[in-house]
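K.L.:
First, the structure itself, so that you have it in front of you.
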Amino acid sequence: MLDPHILRKEPHTVAEKLARRYFSLNLSMLFEQEQHRKMLQVKTEALQAKRNSLSASIAEGKKKGENIDSLYIEVNQLKITLDSAQKELEELQKKIRAFQLSLPNLPDDSVPEGKNEEDNQEIMRWGQPKKYSFPALDHVTLGEKLTGLDFASAAQLAGSRFVVMKGPIARLHRALSQFMLDLHTKQNGYTEFYVPYFVNHDSLLGTGQLPKFGEDLFHIEPLGSDDKKYALIPTAEVPLTNLVRQQILEESSLPLKMMAHTPCFRSEAGSYGRDTRGLIRMHQFDKVELVQITRPEDSMRALEELTEHAEQVLKKLELPYRKMLLCTGDMGFGAKKTYDLEVWLEGQKTYREISSCSNMGDFQARRMQTRYKTASKNCFVHTLNGSGLAVGRTLVAVMENYQQENGSIAVPQVLQPYMEGLEYIKNIEK
């Protein structure tokens with residue numbers, strides 16, 4: 001949510017910054033709503049002042065024993081008018097808030113302008129894709145040959161975009177998440193959390209999934225309940241960030257560095273026909289999520305740090321990747337600045353996103369009403385989040401980049417302790 005004060009005082013500046021995202025701010029609606037709000041505010045305050053004056057006159061008349069019947073009639077009529085004005089103001093304020101919630105975050109000045117992923121800027125590359133002396137297979141073919149990935153059974157159980165993993169492939173998937181958790185807790189200073197896998201609508205509003213992106217979620221409505229509505233989490237960013245919702249934090253407690261390993265659930269409503277093969281785009285997938293809560297002046301440095309923490313996973317796994325600075329048109333709704341990490345997938349002969357690390361500024365903090373206490377006042381925190389990493393896509397990268405000519409998969413050295421020293425995945429465990 002944008003700063004309402006800046007939106008009112010500098011609407012043209014806000015419009016120019018949003019235009020860099022190819023978002024058109026409806027200035028006429030903004031001005032109309034603001035003018036109407038001011039008028040109703042003045043009207044309501046005048047009616048309240050008159051009511052207070054009449055109440056004082058009634059009290060004074062009672063003391064003097066005067067006939068105050070006419071004053072009672074007037075104050076009752078005034079109450080009806082005031083109630084109507086207050087209701088009208090409340091309805092308008094709801095519309096104003098809905099309008100404000102529909103606005104994306106303002107991009108940082110360092111973010112390049114562009115319409116889509118073709119305009120993103122490559123910052124650096126690490127590692128070189130291997131040169132194979134044999135035709136490299138994709139992860140689907142590898143997984144099926146090793147009988148470790150079963151998409152047919154998953155389709156019978158739940159439909160498309162699900163998978164059943166078994167044997168050493170399932171163990172490799174688990175080893176990846178354990179390795180990531182250990183790295184981020186032991187070396188990078190994150191506190192691990194276990195969080196709910198479904199959340200209420202207030203939480204989704206706080207991090208920006210609602211009201212705009214409701215169709216991307218799997219919603220849960222308990223039978224016989226009209227008010228208890230939930231959704232499965234699309235990312236652990238939602239429960240982790242909302243742990244500080246409606247709180248005033250001590251400045252000395254910042255930064256907060258939180259982490260969770262959870263399944264993530266996404267409807268992929270806008271992805272029909274895209275990545276229908278394999279593990280790249282699933283309705284359910286595991287992810288290790290990193291979240292930081294910082295002071296405003298520290299958030300850009302924290303973004304570099306958080307992104308480096310995600311990069312460490314790829315480096316230790318010796319997976320080639322590149323770091324991309326997203327352009328204004330490709331950033332997420334609530335992001336101020338975003339880096340994507342794209343890992344090389346030998347089966348697709350291309351780089352694919354495996355982590356997205358974003359500085360949200362105070363966008364989420366305003367929605368959640370999360371502040372920290374300074375010596376002079378309470379200020380909104382800045383929030384950051386990033387994947388450290390998406391476990392399924394990391395599994396894909398390991399399978400495709402560590403495949404051997406005989407169809408086996410070499411287990412990366414850093415993962416072998418998590419797999420009882422196993423060096424190669426050759427066939428399914430009995």
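Just so you know, glycine gets a Cβ as well, placed from its N, Cα and C.
Keep in mind that this is a model prediction, so the values were computed, not measured.
Feature table excerpt (Swiss-Prot):
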type: BINDING; residues: Thr235, Ala236, Glu237, Glu289, Ser387; note: L-serine binding site
type: BINDING; residues: Arg266, Ser267, Glu268, Glu353, Ile354, Ser355, Ser356; note: ATP binding site
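Explain the structural surroundings of these features, please.
P.N.:
Thr235 (L-serine binding site) falls within neither a helix nor a strand when secondary structure is assigned with DSSP, and so counts as coil.
Its Cβ placed at the centre, Ser356 (ATP binding site) has 22 other Cβ atoms within 10 Å. DSSP assigns Ser356 (ATP binding site) to a strand segment in the three-state reduction.
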K.L.:
Mind checking which of Thr235, Ser267, Ser355, Ser387 has the fewest other CB atoms within 10 A of its CB? They're the binding-site residues.
P.N.:
Ser267
K.L.:
For Ser267 (ATP binding site), what is the secondary structure by DSSP, using just helix, strand and coil?
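P.N.:
Going by the DSSP assignment, Ser267 (ATP binding site) belongs to neither helix nor strand, so it counts as coil.
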K.L.:
Just give me the nearest neighbour of Glu289 (L-serine binding site) among the binding-site residues Arg266, Glu268, Glu353, Ile354, Ser355, Cα to Cα.
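P.N.:
For Glu289 (L-serine binding site), the closest Cα among Arg266, Glu268, Glu353, Ile354, Ser355 is found at Ser355.
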K.L.:
If I restrict to non-local contacts, at least six residues apart, and a C-beta distance under 8 angstroms, what lies near Glu353 (ATP binding site) in its own chain?
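P.N.:
Correct list: Asp340, Leu341, Glu342, Arg393.
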K.L.:
Other than Thr235, Ala236, Glu237, Glu289, Ser387 themselves, what residues in this chain have Cβ atoms within 8 Å of the centroid of the L-serine site's Cβ atoms?
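P.N.:
For the L-serine site, the extra neighbours are Val238, Leu240, Ala260, Thr262, Cys264, Lys287, Val288, Leu290, Val291, Asn385, Gly386.
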K.L.:
Measuring Cα to Cα across Thr235, Ala236, Glu237, Glu289, Ser387, which the record gives as the L-serine binders, how far apart are the two most distant ones in Å?
P.N.:
9
